[in-house]
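**Q** Shown below is the structure under consideration.
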Amino acid sequence: LFAIFAFATCGGYSGGLRLSVDCANKSESDLNIDIAFAYPFRLHQVNFDVPTCEGKRREKLSLIGDFSSSAEFFVTIAVFAFLYSLAATVVYIFFQNKYRENNRGPLIDFIVTVVFSFLWLVSSSAWAKGLSDVKLATDPDEVLLLMSACKQQSNKCLPVRSPVMSSLNTSVVFGFLNFILWAGNIWFVFKETGWHSSGQRHPPDTMEKQSSSYNQGGYNQDSYGPAGGYNQPGSYGQVGEYGQSQSYGQSGPTSFANQI
């Protein structure tokens, strides 16, 4: 939307000014000299006829300056920014998986956003300078200086209507607003790239250090074996009154005769 407003207010402009030349001989006067100009502001091609106040002879003049380069550059950037924004919106909505595949989509989007931010700044600055030159070249007081009849004190040359430049001023404002918008969007596009996600990822040995810290307390499952102090569950020994051990197996105690 900001791009549309930018190129519409600049590319769709047409304006004009009106002058009056009151000669000493009233029959030679022309009180309504209309000069019209429009985008792309090739003012040197805008021709108009004015009286010379010397009989019926008239002279053909033209405005000064060619400011089409800055104006066309500004409108071109605005149109391409609009087309890219429209295409990116379609991709975001309908092709989200394709966009994130291999991280290629976010990287391309990030680079294009940076480029458009720079181009918006350059084109808006160039068009702001071009607009100031257009205002000077179409100033009625400056245009009157081009007429030979206005150099004679017996003739009266007056500006009747000045051109309205409000829409052109608005286009410059929208140009810098687009720069702020695209420059601010760099951060949000950067977060979609792999560069941002790799910076947020933990080092691979962090989890190993955390897991090894639990083994430093001296606790081990092997220390609690199934046989605490008794290695053989079926038999255990006792010391008899004659100093000889008596063993009791699974079949019961042995006889004293066998022990003797």
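Here the Cβ of each residue, glycine as well, is placed from N, Cα and C on the backbone.
What TrEMBL records for this protein is below:
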type	residues	note
DOMAIN	1-194	domain 'MARVEL'
TRANSMEM	73-95	transmembrane segment
TRANSMEM	107-128	transmembrane segment
TRANSMEM	172-190	transmembrane segment
REGION	199-260	region 'Disordered'
COMPBIAS	209-223	compositional bias 'Polar residues'
COMPBIAS	243-260	compositional bias 'Polar residues'
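Quick one: where do these features end up spatially?
**A** Same-chain neighbours of the transmembrane segment (73-95): 3-4, 6-7, 10-11, 39-40, 105, 109, 112, 116, 119-120, 123-124, 126-127, 171, 175, 178, 182, counting only residues six or more beyond its ends whose CB sits under 8 Å from a CB of the stretch.
For the transmembrane segment (107-128), the list of distant contacts is 10, 70-71, 73-74, 76-78, 80-81, 84, 88, 99, 171-172, 175-176, 178-179, 182-183, 185-186, 189-190, 192-194: same-chain residues at least six beyond its ends, Cβ to Cβ under 8 Å.
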**Q** In terms of Cβ proximity under 8 Å, which residues at least six beyond the ends of the transmembrane segment (172-190) contact it?
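**A** Same-chain residues near the transmembrane segment (172-190) but 6 or more away: 2-3, 5-6, 9, 74, 78, 81, 106, 109-110, 113-114, 116-117, 120-121, 123-124, 127-128, 131, 196.
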